[in-house]
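Asks: I grabbed these lines from TrEMBL:
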type	residues	note
DOMAIN	17-454	domain 'Amino acid permease/ SLC12A'
TRANSMEM	20-36	transmembrane segment
TRANSMEM	42-61	transmembrane segment
TRANSMEM	126-144	transmembrane segment
TRANSMEM	156-178	transmembrane segment
TRANSMEM	198-220	transmembrane segment
TRANSMEM	241-260	transmembrane segment
TRANSMEM	280-300	transmembrane segment
TRANSMEM	332-352	transmembrane segment
TRANSMEM	358-379	transmembrane segment
TRANSMEM	400-423	transmembrane segment
TRANSMEM	429-447	transmembrane segment
Amino acid sequence: MELPVKNKLKRGLTTRHIRFMALGSAIGTGLFYGSADAIRMAGPSVLLAYLIGGVVAFIIMRALGEMSVNNPQASSFSRYAQDYLGPMAGYITGWTYCFEILIVAIADVTAFGIYMGVWFPDVPHWIWVLSVVLIIGAVNMMSVKVFGELEFWFSFFKVATIIIMILAGIGIIVWGIGNGGQPTGIHNLWTNGGFFSNGFVGMILSLQLVMFAYGGIEIIGITAGEAEDPKKSIPKAINSVPWRILMFYVGTLFVIMSIYPWNQVGTNGSPFVLTFQHMGITVAAGILNFVVITASLSAINSDVFGVGRMLNGMAEQGHAPKAFAAISKRGVPWVTVLVMMGAMLTAVYLNYIMPENVFLVIASLATFATVWVWIMILFSQIGFRRSLSKEKIKALDFPLRGGTFTSVVAIIFLVFIIGLIGWFPATRISLYVGLVWIVLLLVGYYFKVSYQKKKAAALKTAE
């Protein structure tokens, strides 16, 4: 394959694609399985935690949207960090995002192997992992429209399942369908220790789990570089996604905790499966397994897309190898897609040597990086505003309400979340690994700059 310099990323993503990509990226196994941990920690007040988390997630999206509409870039927040905070900030932010998504991708392909193992227990997990890496890699070698269409349908299946479950739950709550005609009502939200059953502190402590459930929303900024009309599609997608996320997360958990006492959620299997079984759907487990498989495929698809575009943009900024800037005739950054595929093959090896524990080991490493990227997005928005005159700020097409003050409030909240990560022994390792990663990047940046200065000096001497 050639490396034609003239080839560029193509704008093939419609508002429909972007809207479902942003929605699907924030709805995954964290809702289908992980929400049970947050419920056990906070009780019914986890609903308030998800509302708070949704507000902060929306602020992050609006801050990123303000910059993306003004200057659409495939490398998105890495480029904005470089432009408004300096080259070092762009370097660290871009590589930290790649680190985050790579680890998440390894976790996602591992999860895919686990889910397929439910139906095919005799097939080793690593075979499924290898298969999905090759298939998703091939999809991402096609045009961006193929990627967008596939991602739309993956997200559609997830969203449709949640809507059906909410409607089924309302049927149980209001009319007693599947419960002998006896409506369950919503008294379970306060009869088992009250709404704040584990105290206000329990709700606060659950915020770290809740915020990570919103991880992935930042991909909407990366889509701006390939959106057909970013000034229209990005605002529409951002403004429509938050209330949908809140409806799906808060609405789903409201239904589940109304039907079942909160302290029983997750003790007898997935609450989604239990709700469908309550309606008399005996194949509920099979249906849900199909949905979480599509959720995994959706996540892996987005992971490859996001890292591929980020590395491509970083190569253009001089923060990654020049080869990563190569783009095929279809408008695909094929070198970075191959690099991502190769990196994901690490999961094949890990699933071969430690198939039982690999998911927990690698999933815990991405938490710090997610919050770091969000904080840098908000700091970049502050830097962006400071670079504008009052007249230009008033002329912004998609401004963040409250401007820099809103970003500062969100930053304080996210720093608090990092503190919670360090508070819990189970997640403390994520903070340590994250800090070590930042230090390594600082050292790497120092050597990169030193090398570039020596190279420039040598060229000047040669002249």
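Placement of Cβ uses the backbone N, Cα and C atoms for every residue, glycine included.
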Asks: Counting Cβ pairs under 8 Å that are 6 or more apart in sequence, does the total for the transmembrane segment (156-178) and the transmembrane segment (280-300) reach three or more?
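Replies: Between the transmembrane segment (280-300) and the transmembrane segment (156-178), which are separate recorded stretches, there is contact, as judged by 3 or more close Cβ pairs.
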Asks: Given the transmembrane segment (241-260), which of the listed stretches 42-61, 198-220, 280-300, 400-423 has the most Cβ pairs that are under 8 Å apart from it?
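Replies: Going through each listed stretch, the top one turns out to be 42-61.
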Asks: Go through the chain and flag residues at least 6 beyond the ends of the transmembrane segment (400-423) whose CB is under 8 A from any CB in it; none is fine as an answer.
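Replies: Contacts of the transmembrane segment (400-423) (Cβ under 8 Å, skipping residues fewer than 6 from its ends): 56, 59-60, 62-63, 65-66, 205, 207-208, 211, 367-368, 371, 374-375, 378-379, 381-382, 385-386, 393, 430-431.
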Asks: Across the domain 'Amino acid permease/ SLC12A' (17-454), what does the pLDDT come to on average, as a whole number?
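Replies: Value for the domain 'Amino acid permease/ SLC12A' (17-454), mean pLDDT as a whole number: 83.
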Asks: Take a look at 126-144, 198-220, 429-447 and tell me which one has the most Cβ pairs under 8 Å to the transmembrane segment (42-61).
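Replies: The stretch with the most contacts is 198-220.
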